[in-house]
Amino acid sequence: VIDHPKYQESKRIAIFLSMPDEVQTEDIIKDIFKQGKECFIPRYKPQSNHMDMLKLSSAEDISSLALTSWNILQPSDDDSTREEALAGGGLDLIFMPGLGFDKKGNRLGRGKGYYDTYLERCMKHPRGKPYTIALAFREQICESVPVTENDVPIDEILYEDC
């Protein structure tokens with residue numbers, strides 16, 4: 001990931017804080033700060049498909065985040081001090097989680113449509129849609145995954161030995 005040309009050229013990067021069953025992102029987050037890039041993480045709104053990408057001030061900032069009912073760390077609902085990526089300069093790159101992927105760029109998420117809805121909002125931003133990279137385990141690559149017309153294909157899937 002760290003040697004990937006899209007990562008190297010990106011300045012504003014959104015990345016998920018990994019759950020135990022996902023590719024671990026902690027080292028990537030540390031590298032984002034080490035390289036002087038800006039890091040944004042998801043804040044999901046429960047009972048909706050709305051998600052914002054809010055700025056982290058440092059890798060250590062993660063320890064100040066609240067744990068959601070899904071066991072995900074994220075900025076609290078009343079945290080209005082953080083920059084939202086689309087309210088500012090947009091994003092260059094989004095690293096995306098998922099449960100399954102196919103080689104056509106289709107992604108099976110957890111069913112709420114958070115990332116697809118967010119990417120639709122990105123397309124309306126003056127910068128347009130950021131490049132999207134899914135981080136996966138080889139076992140998550142399938143022949144095909146179910147998609148609907150609301151699903152936004154990802155640009156690239158990175159997995160071991162891809």
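Just so you know, the numbers here start at 1 and follow the chain as drawn.
The backbone N, Cα and C atoms fix where each Cβ goes, glycine too.
Copied over from TrEMBL, here are the features:
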- Leu17, Glu22: substrate binding site (BINDING)
- Arg107, Leu108, Gly109, Arg110, Gly111, Lys112, Gly113, Tyr114, Tyr115: ATP binding site (BINDING)
For this session: Return the residues near Gly113 (ATP binding site), defined as same-chain residues 6+ apart in sequence whose C-beta is under 8 angstroms from its C-beta, sorted by sequence, else 'none'.
Result: Asn49, Asn150
Problem set entry | CB-centroid shell, 8 A cutoff, ATP site Arg107, Leu108, Gly109, Arg110, Gly111, Lys112, Gly113, Tyr114, Tyr115, site residues removed | Gly98, Asp116
Exercise. Hey, what's the Cβ neighbour count for Gly109 (ATP binding site) at 10 Å?
Worked result: 17
For this session: Around the Cβ of Tyr115 (ATP binding site), how many other Cβ atoms lie within 10 Å? Please give the count over every shown protein chain.
Result: 25
Problem set entry | Leu17 (substrate binding site) and Arg107 (ATP binding site), distance between Cα atoms, whole Å | 18
Problem set entry | C-alpha spacing of Tyr115 (ATP binding site) relative to Leu17 (substrate binding site), in angstrom | 14
For this session: Please name the residue among the binding-site residues Leu17, Gly111 whose C-beta has the most neighbouring C-beta atoms within 10 angstroms.
Result: Leu17
